[in-house]
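J.: Mind looking over this structure? Questions follow.
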Amino acid sequence: MVRSWVSSAKFLTITGVGQFADGYLNTTIGLVVPMLAYVYFQDANYKIPTISNNIMKGGLSIGMILGQVMFGVFGDAFGRHAIYGRELMLTMVGTLLVITAPPQLGHGGIVAWVAVFRVVTGFGVGGDYPMSSSLALEYNIGWSRAKTVLAIFSCGSLGAFSAAIVYMILLAGFKSAIESNLWYLQWVWRLLLGFGLVPCAATIYARLRIAETRPYEKYVAKDHRGLGDQWREFREYFSNWKHARTLFAVSAIWFLFDIAFYGVNLNQSTILSNLGFGAGDTVWETLFNTAKGNLIQVIAGYMPGYWLGIFLPDLIGRVRHQLLGCAIVSILYAVWAGVQSHTGTGGLFALFVISQFTLNAGAASSTFLIPVEVFPTRVRATAHGIAAASGKAGAVLTSFAFGTATQAIGFSGILGLFAGVMAVCTALTLLIPETRGKSIEEIEQGAMYNYSNSEDF
């Protein structure tokens, strides 16, 4: 019993590190960019142009799109064991390169440096999505598939929490230095990113040695399988309109969901400032206020939502879980948009936290689970990679358009737009078949489509 528990914990740790890095690195960029303004844009009144801001924030998501598709295809073509661990190497290399940005860079230099190497980082972080999700679904550690997959996914909340804690500790430790000279923020942002590499370095060897999954060996593995075989099987499977419809639905939902999700998370410093957690008498106070607001929303909304989301799919079903999650968030954003201009900080922050909680307990979890569970092993990682890449395309759109759109229609208008986006996600969910109660063998045979025999599948 003890050995089984230790084995399960080891598997979750090894596979959860990628999502930890995702949560950590996605959270930190919203905290790092304001510090870069104080360090590299002193002669511009500490203001980074909107386009430059968006480029730095969007770099990770651009890299993730490439990594999700490529590692998904490779994972199906060559096997989970042959590919797993390489994505974490790229994550570490890209982050190290960002950290080593020369302090003497000018405006364009620092923007280009951060953006380019965040793309490299994103390539690795994105590759983890199809690889870890497929491994989690196909390994049997004694939990349900949904709980295993979402326990790994929820490690992203631990990454966000760790980033919030590390940021506050670093600001507290460098307080006197920062107040005497803003140059010392150099150390804060570099160390903040660097601490995210520790768990990656601790688990990279174990990832490279992880065994092949039994479903892959049973349903897919061949002596000379390669990209040609993978492309043929992918084409054959999705030539069935029901399968293509499902891939379209999960991809479109993830695309739209990430517009709303990353619209909030990539710009949390701006949002927290609007909610009263930004302004201070000094630069240090402004940054520390943002750090406090960030930590509160992570503890109150982000983490509880993720962890509740682990249990809901088995309790109420995958489709109902996503339907309710999208619909409730749509309503919350509509309410927030309506009261934004005449509600106090406390009320607005409560709406912010509740929205974060519902996002993570609902659609954030289901969009990760459904694409890896609803498809058979031979196309599982590829399909999940395509769906995840569609989501990151939404994140890229948001990262580049948020600042400009906010200037054009205001923050209330943005929230109204997000409400509409989540309403469309609710409708698209009706196109997805339910997989609760279906074994991997039944999913291989397309039981959720009610086929009469395997030939139809």
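The backbone N, Cα and C atoms fix where each Cβ goes, glycine too.
Annotations for this protein, taken from TrEMBL, read as follows:
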DOMAIN    11-437  domain 'Major facilitator superfamily (MFS) profile'
TRANSMEM  21-41  transmembrane segment
TRANSMEM  61-79  transmembrane segment
TRANSMEM  88-105  transmembrane segment
TRANSMEM  149-175  transmembrane segment
TRANSMEM  187-208  transmembrane segment
TRANSMEM  244-264  transmembrane segment
TRANSMEM  295-316  transmembrane segment
TRANSMEM  323-342  transmembrane segment
TRANSMEM  348-370  transmembrane segment
TRANSMEM  382-402  transmembrane segment
TRANSMEM  408-432  transmembrane segment
J.: Let me check one thing: do the transmembrane segment (348-370) and the transmembrane segment (149-175) come into contact, meaning three or more Cβ pairs under 8 Å with sequence separation of at least 6?
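T.: With 3 or more qualifying Cβ pairs, these stretches touch.
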J.: So which residues does the transmembrane segment (61-79) touch in its own chain, when a touch means Cβ under 8 Å and the partner is 6 or more beyond its ends?
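T.: For the transmembrane segment (61-79), the list is 86-87, 90, 94, 118-131, 134, 212, 216, 220-221, 225-227, 229-230, 234, 262, 378-386, 388-389, 392-393, 395-396, 399.
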J.: Okay, the transmembrane segment (408-432) and the transmembrane segment (323-342): do they have at least three CB pairs under 8 Å, pairs separated by 6 or more?
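T.: Result for the transmembrane segment (323-342) with the transmembrane segment (408-432) is yes.
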J.: Sort out the residues at least 6 away from either end of the transmembrane segment (408-432), same chain, that have Cβ-Cβ distances under 8 Å to it, and list them.
T.: 245-246, 248-250, 252-253, 256-257, 259-260, 263-264, 271, 274, 318-319, 322-323, 326-327, 329-331, 333-334, 336-338, 340-341, 363, 370, 374, 402
J.: Count the Cβ pairs between the transmembrane segment (149-175) and the transmembrane segment (382-402) that lie under 8 angstroms and are 6 or more residues apart in sequence, then report whether there are at least 3.
T.: no
